[in-house]
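Colleague: Would you mind keeping the following structure in view while I ask a few things?
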Amino acid sequence: MSDTNYAVIYDLHSHTTASDGCLTPEALVHRAVEMRVGTLAITDHDTTAAIAPAREEISRSGLALNLIPGVEISTVWENHEIHIVGLNIDITHPLMCEFLAQQTERRNQRAQLIAERLEKAQIPGALEGAQRLAQGGAVTRGHFARFLVECGKASSMADVFKKYLARGKTGYVPPQWCTIEQAIDVIHHSGGKAVLAHPGRYNLSAKWLKRLVAHFAEHHGDAMEVAQCQQSPNERTQLAALARQHHLWASQGSDFHQPCPWIELGRKLWLPAGVEGVWQLWEQPQNTTEREL
């Protein structure tokens, strides 16, 4: 990509050490600039703790980066864990702060149960190991996975989920998150836009994926992620068609967690023709009209 248009790269889904990412907020914003991202949303799992230090680093270093405050909220729909991203939220809004505190409590309870199940499977110290890897951030299943790889119980993160953390396995604990409707509501109350995250990753049939998108749209969701780094052209086209069908704006994001060969900030993030980028809702409000959903 040429130097003349790198500033228009939008990456609206990324993680830091505040949840299950491997880079600090400060390191992430520097990497975003290195990767020629012009607008970055930090969307850690059920926490906004990374936003303030990221803002401070951008200001301190004079980085040419537009930071969008965000969050990725864990929900449950039809026994599936579904993630809803909130973009351009007010991270100080009392309702959002209270809501995320409740999510943190749910996350801590789940982590305790996962550790207890692994203990029964002769894998001691999992909670302490996950907490150590979380470095004070939100403890996620990703931290348990890293701990199990570290202990030699599996060869990779994917192997951990296959052996221990997937549905029906030893360390699996059914999620007890909020509903999609509750996530959308708190995002809207905090002034943000609600985005259905990575809809192609939930292992849903075409029929169930359509049901999910319809449910999200019916409850006043704003957008869905259409473009990601690792994605077939066919999937991107299909997701764009679903967005158009349900009058949803389109978003794009790498879901970056750590430097790796196949997922990178800003990589391969573009929208197919016929959909509109969700960033238009806050960048050009004077040209935006409400649409019937």
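Cβ coordinates come from backbone N, Cα and C, glycine included.
The Mn(2+) 1 binding site feature in Swiss-Prot is assigned to HIS13, HIS15, GLU72, ASP255; the stated evidence is similarity to another entry. The Mn(2+) 2 binding site annotation in Swiss-Prot covers ASP20, HIS45, HIS257, and the record cites similarity to another entry as its basis. Taken from Swiss-Prot, the feature Mn(2+) 3 binding site covers GLU72, HIS83, HIS198, and the record attributes it to similarity to another entry.
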Colleague: Using a 10 Å cut-off between Cα atoms, which of these binding-site residues sit near HIS15 (Mn(2+) 1 binding site): HIS45, HIS198, HIS257?
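Modeller: Near HIS15 (Mn(2+) 1 binding site), where near means Cα within 10 Å, the binding-site residues are HIS45, HIS257.
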Colleague: Residues with Cβ closer than 8 Å to the Cβ of HIS257 (Mn(2+) 2 binding site), same chain and 6+ apart in sequence?
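Modeller: The answer is HIS15, ASP20, GLY21, CYS22, GLY142, ILE263.
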Colleague: In whole Å, how far is ASP255 (Mn(2+) 1 binding site) from HIS45 (Mn(2+) 2 binding site) when you measure between their Cα atoms?
Modeller: 11
Colleague: Does ASP255 (Mn(2+) 1 binding site) have same-chain partners at least 6 apart in sequence with Cβ under 8 Å from its own Cβ, and which are they?
Modeller: HIS13, SER14, HIS15, ALA197, HIS198, GLN228, CYS229, ILE263
Colleague: What three-state secondary structure does DSSP assign to HIS15 (Mn(2+) 1 binding site)?
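Modeller: Coil, per DSSP.
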Colleague: Using Cα coordinates, what distance in whole Å links HIS83 (Mn(2+) 3 binding site) and GLU72 (Mn(2+) 1 binding site)?
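Modeller: Approximately 6 Å lies between the Cα of HIS83 (Mn(2+) 3 binding site) and that of GLU72 (Mn(2+) 1 binding site).
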Colleague: Apart from GLU72, HIS83, HIS198, which residues in this chain have a Cβ no more than 8 Å from the mean position of the Cβ atoms of those residues at the Mn(2+) 3 site?
Modeller: HIS13, THR43, ILE82, ILE84, VAL85, ALA197, GLU225, ASP255
Colleague: Using DSSP and three states only, what is ASP255 (Mn(2+) 1 binding site)?
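Modeller: Where ASP255 (Mn(2+) 1 binding site) sits, the three-state DSSP reduction gives coil.
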Colleague: Would you mind ranking the binding-site residues HIS15, HIS45, HIS83, HIS198 by how many other Cβ atoms sit within 10 Å of each Cβ and giving me the lowest?
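Modeller: Ranked by other Cβ atoms within 10 Å, the binding-site residues HIS15, HIS45, HIS83, HIS198 bottom out at HIS198.
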Colleague: State which of the following binding-site residues has the fewest other Cβ atoms within 10 Å around its Cβ: ASP20, GLU72.
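Modeller: Among the binding-site residues ASP20, GLU72, the lowest count of other Cβ atoms within 10 Å belongs to ASP20.
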Colleague: Counting across all protein chains shown, how many other Cβ atoms sit within 10 Å of the Cβ of HIS13 (Mn(2+) 1 binding site)?
Modeller: 27
